Amino acid sequence: MKYYFAPMEGITGHIYRNAYEKFFHNIDKYFTPFIIPNESKRLNTKELIDVLPENNKGISIVPQILTNDSEGFILTSKKLQELGYSEINLNLGCPSGTVVGKGRGSGFLAKREELDKFLYEIFEKNNIKISIKTRIGKDSRDEFYDLIQIYNKYPLEELIIHPRTQKDFYGNKPDWEVFKDALSLSNNPVCYNGDIFTNDNYTKFTNLFPEVDRIMIGRGILANPGLINEIIGNDMISKEKMKAFHDEILNAYIDLYPEDIGALFKMKELWSYMIYIFSNGKEYLKNIRRGKNIEEYKEGVYSLFSEQEIIKGAGLFKEH
């Protein structure tokens, strides 16, 4: 099985990726948070810093682009090619209202003629590998059967499917019936993405779909950084390793931001995921979030690690 790390805007930037790779080293591809081509046709400073090769040493990175403008995609992909990248991922999955309202991400799925034209243009003028991360439709699962006919026209590096519609957002359950159809209908290699939060989730999925050889996980790893090691060897993450991983990320953010508030914002956002694997986590999360400076924040984190345990089998939305 190949394991891919899903992009999470604002969270899985190069600081998180480098820390994760240092401690776990089990990801075949990291996909970056999306890059939006702009009028200047250049990467903005934040985007450039995140994809610079020197900030991603020894890591297999696939930059992701979010756009419905073929010219912007082509120019941005060429700039990424100049940085040494050989694969680009197109985001057709983001369900955010602001993104969808502009006809991007999963909003682009409703405009199938435009999408087909867009794909034709980017494949005609590009010599870089292109993969797609998609939902199964904007409003209805039935849309997927038109979408797969479009995707099948093009030589995708792979088709990463999150089997929900945009309308589902992250509610309901992934539609495994449509995903099963995708496996038989797709001309391109298929990767699964969606709600793999525990080893049990993974086992259930692979028992149903033993032919799948690649899987993308995002929120599940954010909640439990030891998840893939559990899947591979049933080794649960220790508190010591979790704390060292946490400290690596925290110290990098402290170095990056001149004011405490920058690092605090990033770490508190991360804790909204990681707290799920700790006993009595919700109570301690309140204390962590109350921290107004780094010292207060560290006190809250110290209390959690010294007084509570990591629970075997826990994961995002699954508390014990």
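Including glycine, each Cβ sits where the backbone N, Cα and C put it.
TrEMBL lists Gln64, His162, Gly218, Arg219 as FMN-binding residues, and of the candidates Lys29, Lys125, Lys129, Lys133 the one it assigns to that same site is Lys133.
On the 0 to 100 pLDDT scale, the domain 'DUS-like FMN-binding' (5-300) averages 97 in the predicted structure. If you take the C-beta of Gly218 (FMN binding site) and look for same-chain residues 6 or more apart in sequence within under 8 angstroms, you find Phe5, Ala6, Pro7, Met8, Thr12, Asn193. Here Lys133 (FMN binding site) is positioned 9 angstrom away from Cys94 (active site, proton donor), judged by their C-alpha atoms.
Following the DSSP three-state reduction, the secondary structure of Lys133 (FMN binding site) is strand.
For Lys133 (FMN binding site), other Cβ atoms within 10 Å of its Cβ number 27.
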